[in-house]
Amino acid sequence: MLLLGSSALHAPLRAAVAAAAGAISCGAGQRLLARGLSRSAGAAAAAGQQAAAKAAANEAPAPVPAVSVTVNGRRVSVPRGSTILDAVEAAKIQIPTLCKLPGRYTPGTCRVCMVDVNGVHKAACCTPAVEGSFVTTDTPAVREYVRGLLGLLRANHPEDCMTCDVNGRCEFQTLITRYQVPMLPKVKANSPDYREQSSHFAAHDVTSPAISLDRDKCIKCGRCVETCQDVQKMNVLGWFARGRERHIGFMLDSDAAVSACISCGQCVSVCPVGALSESTHWRSVLELLETKHKVVVVQTAPAVRVALGEELGLPPGTVATGQLVAALKALGFDHVFDTDFSADLTIMEEGTELLGRIKGGAGAGPLPLFTSCCPGWVNLLEQEYPEFIPHLSSCKSPQQMLGAIVKEIWAPRAGLKPEDVAVVSVMPCTAKKGEAARPEMRVGAGGPHGGAPHGGGAAAAEGVAEEGAAGEEGAEEGGSRHVDYVLTTRELGRMMRLKGIPGTLPPQPYDSPMGVGTGAAVLFGNSGGVTEAAVRTLYELTTGKPMPHLEFEAVRGLQGIKEASVVLPSDGGEREVRIAVVNGIANARKLLDAMRKGTGPKFDFVEVMTCIGGCIGGGGQPKSRDADILSKRMQAVYDIDASAPLRASHNNPEVTELYKTALGQPNSARAHELLHTRYAARLKH
């Protein structure tokens, strides 16, 4: 098998893919510049690619136009089109911000980044940097303005910090403390007409299994709306009403449950307060651990080990695998298993399914085969693109595979009933909470369509909308869940801080069985990781030879859509397998819309992750203002893989043992019963 895009022989293809991604990034950068804002991180990366290309051709890159600005007496140069905030940051000076996010457009709504520009007070985030400007950030008038504005925001904010889930991790709370903002009379307590006018939108929306919205805590910064509309292109969150009645709400100003929300949680990850948060499970998990009524098993996703350290004050990208296991055992979990194990299991099942579809035959399913690891992506297909459900792999996600193995194989072997065991997952994702609550993910639910060979078949696309709609109501019937509780990385960090467990405990190993994972499994945390892991296994299983170069560079990185090819032996000849790797739901829409129109390239295998960067950028990961946070986490994942003793999923000895003693072989009837599922159209309008 030849790997196109993974060796020096195929540099032209890699350059073409990079150029295509660069063109997309440049377009985004130009749109930002047109709005008087700084160039996005994506445009900067594209500019770097262009400069490298010119250097390779012995051409000197064109100089970037710059402007000179003086900030607090320091003279700095920033690219033309930058903002005053860019200049302030270039001068290594800190000023408060609430609505601005690194590398993204800002509406300038919060106004707390006020500075003095040539004697005039202006918001730094949306004011263009002009040649010769003099900026002062710390005049008494500026500080008083900022303190007064924060005071007005506090007057509209509840004083429940001690019980708020973001206590100690709240940007607004930090600014209130830093500027010593006094408590002013609460607006709602002293304005009956305001209470009456705002009562219809002040409810706490907890109808979603994944996220909750508390409008009383909202400071109307607009980050969530911009992320939902401009970054993810979901257009679920928006502004409603005007004046002091203006508020954030879901589509048609309704509940989250009836909206088209896919539970990706990106709105939660950018909220500076506790207005948007994950539906928390950590209190219930603590009660389980403290009462000891059940055997409590926990599993940890690949992306958690490279992000948990941020919750504990460690540098971004710190690998804390052993410390993570030690902390979970210190919290009182009876068994700590690794979701890497079931990620390897996923490759065995999904890779076999892909080969079956390529060969064709009755019930094989259509191409391209879509990955099904990401529940946000699955939600999008079921809700908005149901005609593509047959393309979804019938494989459960690694989270649900491990839950099924624990409840239906491990527990009986340990002399336990499934209901005597509680399975907890630590995930980088909010949508995993909704996935665990699906009625198909329960003990005794069986495989796709009662054991049919493929879960995403034509029957799923034709009807069964009723089954999807009834899922929430029937969640407590028909056996216990395979995964009982899902914690985000942030929730685990909160539990550790509450219990006083440091992140510097001596490292401990995972428990066996289900404690061994390969480097390929860790790659599931990054965009392109599922594809890279699959290629490693397919190469060796189809050629009988070890893969000479394990790194599949063509699918690595943060580009929105990446393309590559592999050539597999097929029926005595060769078969080119065309691959697309997509991250960010906005990019997934581009792919699906092109498929609807019958335009664009044809693919055989498509990996989609809802969040930018993949699971490392999941909606349940620690919040960060570091513009390079995804790159740091991604590199940490690659470092784990590079140093792993086992780097291909089919070499995992515990996976091999599971097939030998319980499953038979990949895609067997027993494997389908436990490890595969079904999908249904759940249209929302």
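The backbone N, Cα and C atoms fix where each Cβ goes, glycine too.
Annotated features in TrEMBL:
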SIGNAL    1-18  signal peptide
DOMAIN    65-141  domain '2Fe-2S ferredoxin-type'
DOMAIN    141-180  domain '4Fe-4S His(Cys)3-ligated-type'
DOMAIN    209-237  domain '4Fe-4S ferredoxin-type'
DOMAIN    250-281  domain '4Fe-4S ferredoxin-type'
REGION    435-479  region 'Disordered'
COMPBIAS  444-458  compositional bias 'Gly residues'
COMPBIAS  459-468  compositional bias 'Low complexity'
Inset, instruction - Could you break down the residues of the domain '2Fe-2S ferredoxin-type' (65-141) into DSSP helix, strand and coil, giving a count for each? - result: 12 helix, 25 strand, 40 coil
Inset, instruction - Helix, strand, coil: count each for the residues of the domain '4Fe-4S ferredoxin-type' (250-281), based on DSSP. - result: 11 helix, 4 strand, 17 coil
Inset, instruction - Using DSSP, tally how many residues of the domain '4Fe-4S ferredoxin-type' (209-237) sit in helix, strand and coil. - result: 12 helix, 5 strand, 12 coil
